[in-house]
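Chemist: Before anything else, here's the structure in question.
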Amino acid sequence: MNRPITGLFAMFVILFAVLVGFTSRWTVFESKSLRDNPLNRRVLLEELEINRGEIKAQDGTVLAHSVKAAGKTWKREYPTGALFAQTVGWSYPGQGITDTGTELYRRDVLLGRSNSISSTIGRIQGHKKQGGSVKTWLDTEAQKVALRSLAGRAGSVVAMDPRTGAVRVMASVPDFAPSPANLARAAKSSGSPLLNRVTQARYPPGSTFKVVTAVAAIDSGQYTPTSTVDGKSPQVFSGVPLNNDDKVSYDNVDLTTALTFSINTAWANVASDLGRVTMAKYMSRFGFDSKPQLDYPPRQMTASGARVKGSIVPPTDDRVDLARLSIGQDKLLVTPIQMMEVAAAVANHGVLMQPRIGDQIINTDGQSSRVLPEEQGRVMRPSTALAVTEMMKKVVQEGTGTAAALSGIEVAGKTGTAQIDPLQNLTQPWFIAFAPADNPTIAIAVTVERSFGGFGGTIAAPIARDVMEVLLRNSPGRRIP
Amino acid sequence: MSDRNRELFALVPASLLLVGGFAAVFIQDSATLSSVSLSYGAVFLGLCLAGHVVVRVTVPHADPYLFPIVAVLASVGLVVIYRIDADLARAQAQWFVVALIFFAATLIFLRDYRKLERYRYTIAAASLALLLLPRVPGLGQQANGAFLGVRLPGGIVFQPTEFAKIGIVIFLASYLRDTRQVLVQGARRVAGITIPKLKHLGPLLLIWGAAMLMLIFIRDLGSSLMFFGGFLAVLYVATDRLSFPLIGFLMFSLGAWFLATHVGHVHDRVDAWLNPFDPVLYDRPGGSYQLAQSLFAQSDGGVLGKGLGASILTLPGGGNLVPAPQTDLIYSVITDELGLTGACGVILCYLLFVARGFKIATIARDSFSTLLAVGLTSVLALQVFVIVGGVTRVIPLTGVTLPFISYGGSSLVANFVLAALLLLISDRARRPA
């Protein structure tokens, strides 16, 4: 009877080999796809057991930290409440809410998923439940001032150091204190408080865009600040008459005056003369037509530029009315951070730095590393930057932006007042600026939605002044590595 | 070194495995290493030594590897159950003691196990009665559609199938020893296939019918496969005709297919097996949630595993993520925590057990002993295949225990009795004439 026993044993060897084969299939060969299976909650449960690291402001204020929750899990809290709601974002994976903002962008660091060798050893030892932390450039005091100055009006303030790209203020109103309950409420709110207006809103920039046209004019070599252009009102562009503010007519006016008093027809003439290709070139150097290069989730950012049926079209496209584009009208829609970058490029001698929320990454092992400043690119020659700075100084000294003037510190800026609904007299006031004008450490953009007859110079410029005042005090011209 | 001393020394690594396992769970739980794990190990070693002494006295010539292999599997079970729930582990440890008592009793009182042959019809009837017990109203307990448990006074759930499998194997070994000659001799050969005479075929068909009835009554594909597979294994060895088990397997498959398409919960199991990640099946009660969680747990383990105590078993709000971790899905928990490596180790232990079992069968001096050893070994091997195959999605998942490892008194006691019977057979076979 031994022959069949051998056969039987062989069969069981094969059956057990099949078991080993299938176990290998799940543990090794299909392990990854099983982990990615939407029904598999293990990845999420693991995440809940990690003490996600802190997010801090530049002064060390804790903006986000984790506290003990049920079982071995942790939950996120935001001690500063609404102060940096959209900028820091939120993380409530247990509630099925997707991460946003810095919480999302720095997710791997915060969860301790860095790739250093020591962490790998830590993982083998099983000590992987602590995440790393992130120190940002954000300034709590200036942010408070920004929110207080907006005083509940929908709008945004964004400011950075033009030399490094360090983002100091990023305020978006309406705001809310992140919590699962508030998020559910905010998602239904008509004011879209979940939106980070600094990076996601699309507004007509109004006359602040004339800075871009001015840079293109002078840097192309075709104009100087003293070149004169026709500023009569009205003039016909693309078959439709264009007026200056209050229909004031200027005969031959130089570019400095044209910027100081924001003369529409003069800049429309300049842009028509420069042509589509030159305008397209400078816009793209400033970062228009693509998403901001901010350390922030791409899906929470939008590109600035002329939009036809929702999609960006370059100024070289015939559907774009170049003359009106050059004064921030027509199809042009921009984000506040883009307009702040316009001011920053001029402030930093023509070099645009990539904006950065993050300053330092401190991983689980306590090793810290700086987020290094990086150039986004040279937008204009230093001489152009200098010339445009002088023109923007005049705006604050004697033009439309006098409300932004600070005592003892020179400010360079440009106002904008986009018409939203002329019948109801609704406007979108803007102000972009940098200071101190000769050695800038702050670039800023302020805008307010749906102001009732307000102007950039009266509504936005005072907010910019208040925020800059705090920031200049907090960063006294120090050079950051 | 004598066989018995070899057995004695082999028990030491089994105890060390337990010490190491408990220490690992302690460290994970409280980040401190207490000497308690050592004392657990000492108690375990003590119990194994007691078992060893009984073996030494009653069956001095028995196979020296079987008992240490069982000890290793039991220690893995205790450690993993402790990791899942300390209270359950305490209960399991008590069952381990009870199982050792039954083990010793079997060795002492059944020294001449061949007298069992005399009671084969009584044993067969008792086994069938045991199988039907869960269907008795007020006594039986239904779990996931299958009738496998009996609730005894005192809250103990008794699993009669675990004992019935031994009784039925005893009956089959005895019955086939008598009839194996006539099954082959009177048979005709048609196209190279041996077909036994109808009057001899009758009892075989009866057993097939019984297996089908069992399927219908207890509604469990897994245990039916185990019983019928054991029968075919014994039949094959008894007749040395491959056609017998092949025809039997075909008939069983037909029956199983019929049930899978006509009995609701068997059909559900097959559906879940085919589409474990179908969201509708996943959410349905008795659907594919269990199988999907089993696969997710294994995927987390990888090659080396998460480490004892480090896998995710429960939900933050309480409740199990992995259902039935201490019984049906214990293999998945082992794979999660000890990885493919640990899982292969466990499979290898079972393969060693099976190899020893068949070795005993080949050296046995009479056909009843051979067939009994083959039957007992095959039933245990099939039980391993049914549950591990179920949780690794080789076959539809049905709930049988993983022998010596899963939580449960009936399973532990019955399998220790099974091991004792194998030791008795091997002692008789190896006894110098």
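Backbone N, Cα and C atoms are what each Cβ position is placed from, and that goes for glycine too.
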Chemist: Transmembrane segment per TrEMBL: which of the ranges B:119-136, B:317-334 is that?
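Modeler: Of B:119-136, B:317-334, TrEMBL gives transmembrane segment for B:119-136.
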Chemist: Among the residue ranges B:6-25, B:246-265, I'd like the one that TrEMBL describes as transmembrane segment.
Modeler: B:246-265
Chemist: Between the stretches B:39-59, B:66-85, B:246-265, B:370-392, which wins on the count of C-beta pairs under 8 angstroms to the transmembrane segment (B:156-177)?
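Modeler: Highest pair count goes to B:370-392.
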Chemist: Which residues, given as numbers and ranges, are at least 6 beyond the ends of the transmembrane segment (B:66-85) yet have a Cβ under 8 Å from it?
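Modeler: Cβ under 8 Å, 6 or more out: 7, 10-11, 13-15, 17-18, 21-22, 24-25, 44, 48, 51-52, 55, 92-93, 96, 308-309, 313, 325-326, 330, 333-334, 337, 346, 349-350, 352-353, 356-357, 402-407, 412, 415-416, 419, 422-423, 426.
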